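Annotated features, as they stand in Swiss-Prot:
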type: ACT_SITE; residues: E26; note: active site, proton donor
type: BINDING; residues: K87, V107, S141, A142, D143; note: substrate binding site
type: BINDING; residues: D139; note: Mn(2+) binding site
type: ACT_SITE; residues: K160; note: active site, nucleophile
Amino acid sequence: MPLSLPVISTEVRQALDAGRPVVALESTIITHGLPRPRNLAVARDAERQLRDAGVVPATIGVVAGTPTVGLTGEQIEELAADEAAVKISTRDLPVAVARGASGGTTVAATAFLARKAGIRVFATGGLGGVHHGAATTFDESADLVTLASTPLVLVSAGAKSILDLAATLERLETLNIPVVGYRTRRFPGFYVADSGHDLEHSVDTPQEVAALVEARDALELRSALLVANPIPPERQLDPELHRRVLAEAWEEAERQGISGHDSTPFLLDHIRRATGDRSLEVNIDVYQNNVALGASIARAMAG
């Protein structure tokens, strides 16, 4: 076992040491979020997108028990093909390390490892949050509590729309995690540009985000800054279709007695099948849109 974890690739370490822009990318989208072989193509495209923008990509995952910041192309291929790869949140990291497991890191684990490596910007698709019925089940993503103590910039299209978004926004406020809309005053709903919930703050440029980060750091606040970046309306899932399919998914989950951790993959799979894979294409568009904004923010912060 390496004496110091995570292992940071030479390319990422040199970029950080030189003050060049770096953007972290998670790997559960590779291991669990997208079907094969599309998962590998999207992972490669995201890294290429960052490089074309003059930014060093740092895809983060765990390979054979080694948390790694800046996976090689071969390591990404291995994770993309590994049907035994596990989903690794922050609490799972010591277990994965001790047992030599391989897996994709969630938003929580990726944020933790990125910050430990010194990376300041992280782009993902959608944030985890508070699940429906959490008042009795206490089912809430570790993403939220991790971001409360991890001072980086997270770019996402809001939180996944299967969640209780009103409760998620309340928890973000309670945890002192600032949320700013990017060119919007409405919280995005992942598949749709507008979840129906207002945001108090918005920014119009990457430079404004950089200024917010500078102010946060000067105040020595330890929370992440969540930049809520909506998918362009012309590329979103039709809002009425989204509403109907989501309601049907919940009804089917209740009929089959599916709840807790099993509900997320069930609901997402139902939405994908019910929309004829249209939701899959929107998912990828959301991710690419956030990667592009993450690159712009990283450049602004490095400049």
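For all residues, glycine too, the Cβ spot is worked out from N, Cα and C.
A quick note: this is a predicted structure, and the numbers were derived from the prediction, not measured.
In this structure, the recorded positions E26, D139, D143 were compared by how many other Cβ atoms lie within 10 Å of their Cβ, and the smallest count belongs to D139. Here V107 (substrate binding site) is positioned 12 angstrom away from K160 (active site, nucleophile), judged by their C-alpha atoms. Taking the residue listed as 'active site, proton donor' as the reference point, none of the binding-site residues K87, S141, D143 has a C-alpha atom within 10 Å of its C-alpha. In the three-state DSSP scheme, A142 (substrate binding site) falls into the helix class. A Cβ within 8 Å of the Cβ centre of K87, V107, S141, A142, D143, the residues given for substrate, is found for these other residues of the same chain: S89, T90, T106, A108, A109, G128, T146.
Neighbour density for K87 (substrate binding site): within 10 A of its CB lie 17 other CB atoms from the protein chains shown.
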